[in-house]
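Below is one structure, written out as structure tokens; comments come after it.
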Amino acid sequence: MIDLLSYAAFFLTMALTYAVICLGLNLQWGQTGLFNVGVAGFVAVGAYVSAILTTPPIEGRLGGFELPMIFGWLGGGLAAGLLCLAIGALTLRLRSDYLAIATFGAAVVIQLALLNLEGLTGGPFGVGFIPRPFGALQGDADLFALSNLSVMIVTVLICYLALEHLVRSPWGRVLRALREDETAARALGKNPVTYRLQAFAIGGFVMGIGGAAQGHFIGFIAPDNYLPILTFQVWTMLIVGGSGNMRGAILGAVLVWAIWAVSGSAVSALFPTEQQARAASLQIVMIGVALCAVLLLRPRGLLGEAGTLRRAKTRTAPKISEGTETNA
Amino acid sequence: MTLQPIMDGLVNGAIIGLGAIGVTLTYAILRFANFAHGELLSWGAYLALTLSGALGALLPGLGTSLGPFSFGWSVPIAMVGSILLTAALTLAVDWLLFGRLRRSGAVTIILVMASFGAALALRNLLEFAYTSSPKYFSNALQISREILPGLRATPDQLLVVALGVVLVVLVHLLLTRTAAGRSMRAVSEDPQLSALVGIDTRAVIRMVWVLGAALAAVAGIMSGVVVQIRPTMGHDLLLPLFAAAILGGIGSVPGAMLAGLIVGLAEALTVQVIGAEWRAAVSFVILVAVLLLRPQGIFGKVSA
């Protein structure tokens, strides 16, 4: 039973780090309609910057500033936010899917940088000895797990309340107005690029914090943790939970992480070792199909967006698409 | 500094260019960035591999090498089959997914997201079926010959470049000189207006998918012949494909091929000068440069 308690606490802690990432994505996509395909890259930036700021120095690698953890988390968030700002500034004036392509490319380059900039990131071996919250309590497994969990619950609460406050503020109303009817919002004098850029950068900041937190709970990060599959998991969490709804983002993160963990251990329990890689790829196929199915059948997710009347989706004449859909 | 990177760049560039034509046509006519396009290259290669393996087992004579090339008749025959099957695959995906989303009036970005999900499913389906270990069309080794001082190429590589150029000319003629091409360009200009003058937009959509899939299958097979076949080959080419499509100007077929060659050459030069580990970053640098300096691309029109 004792093992079960600390395992449950650790599981929930990990799920809540995803919830923070998911909250950041929700501001970008759910509230603003910006499609970020590079989530893994921004999460990685948050995790690595925080690790470099807080770890003890190591021969041959930059960093080792041994700063308190809070500076690491904020620094990680800030770095990811600034990166989002740069990519947003590059693409948000152009067609809406250029942002998707650019974030995809950014994630590819960040992955390359993690692997090749060994003096900064430790290369393929990653960064170890990342201080863990309440490291002094490590002797008592339960107390350690529960205190970690409480740190994460507080973090999620802060992010949730701050974002909820933001989206209910006049600023958040402008974001939704831009998403729903850009022409009308422009007619009221709101500059779409500025608002979208702000939302994209703040979302990136939150994502970076989620990444930093994750690194500190695992204690070790490597480039393999930040493959495109991570982007996909976070997206599935948001879509399943219901984009546009902050509570949905948290619920989706816990739910999808649970499904992922259970199906992952089912794969390792049911299949012989040599077949496990194949079974794992089938696991990803199913998630891909599930994402498409949710988009087709239940586009609002489990919880959907609260408090807004979205435009009716019915159209009489079949159209090829939205036509001249742009961001500008 | 030798001329060798130029040959490597042209070979890869031809493959990127053929894939980018599909991306640029989907983008111009169906109006969304298709993240699943890379997977069509992988599927084309694996389908051809399976077909040529089956042909070689049934009729061993087809497996013997064809002239100076590393493969026998089984590969060109399998290529035809693979083109048809890859085209059928895209039509099936369109029927299942994209067509339904279009009819429900989904905004562009939902289609992009659906293509992202489809890409993941398609890629991992290949990994499930064929495992992640690399495969080859033939085990024959090819000796590269010197065609210019300091420039060596295998017959396979020369064939890839030649086939790429021929296909671009054919697609360009198809788009500019035939009725089908005219209706495709019309839908790309204005879908509502072209439907009004009696163009069957659904037939045009099918043509776009078939054309894009056929070129993707050829590009995938070419990549399989000169490099190797892996489930992630299409995913690794996706960023170069997007970079080439945007650099060439969305909707421009010659632009896509020219930009593909530019991306290929830039990658080869980077490998030579900086190192192979940074190769994948080249496309991103090109993409950022285009978006900063000339977002409409080389041959693109300035859109509103």
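Glycine is no exception: its Cβ is also placed from the backbone N, Cα and C atoms.
TrEMBL lists A:6-27, A:34-58, A:70-91, A:98-117, A:143-163, A:199-219, A:225-242, A:249-271, A:277-297 with the feature transmembrane segment.
Each of A:34-58, A:98-117, A:143-163, A:199-219, A:249-271 was scored by its Cβ pairs under 8 Å to the transmembrane segment (A:225-242), and the highest score goes to A:249-271. Comparing A:34-58, A:70-91, A:143-163 for CB pairs under 8 angstroms to the transmembrane segment (A:6-27), the maximum falls on A:143-163. Sequence-distant neighbours of the transmembrane segment (A:143-163) (same chain, 6+ residues past either end, Cβ-Cβ under 8 Å): 5-7, 9-10, 12-13, 16-17, 19-20, 23-24, 26-27, 132-134, 137, 206, 209, 213, 217, 246-247, 250. Using a cut-off of 8 Å between Cβ atoms, the transmembrane segment (A:34-58) and the transmembrane segment (A:249-271) share fewer than three residue pairs, counting only pairs 6 or more apart in sequence. Using a Cβ-Cβ cut-off under 8 Å and counting only residues 6 or more beyond its ends in the same chain, the transmembrane segment (A:199-219) has close neighbours at 10, 13-14, 17-28, 31-32, 34, 36, 39, 42-51, 54, 69, 72-85, 87-88, 92, 99, 127-133, 148, 152, 155, 159, 163, 166, 175, 225.
Sequence-remote contacts of a segment are chain residues at least 6 beyond its ends whose Cβ falls under 8 Å from one of its Cβ atoms, and for the transmembrane segment (A:98-117) they are 34-42, 44-45, 48, 83, 87-88, 90-92, 123-124, 126, 200, 223, 226-228, 231, 327.
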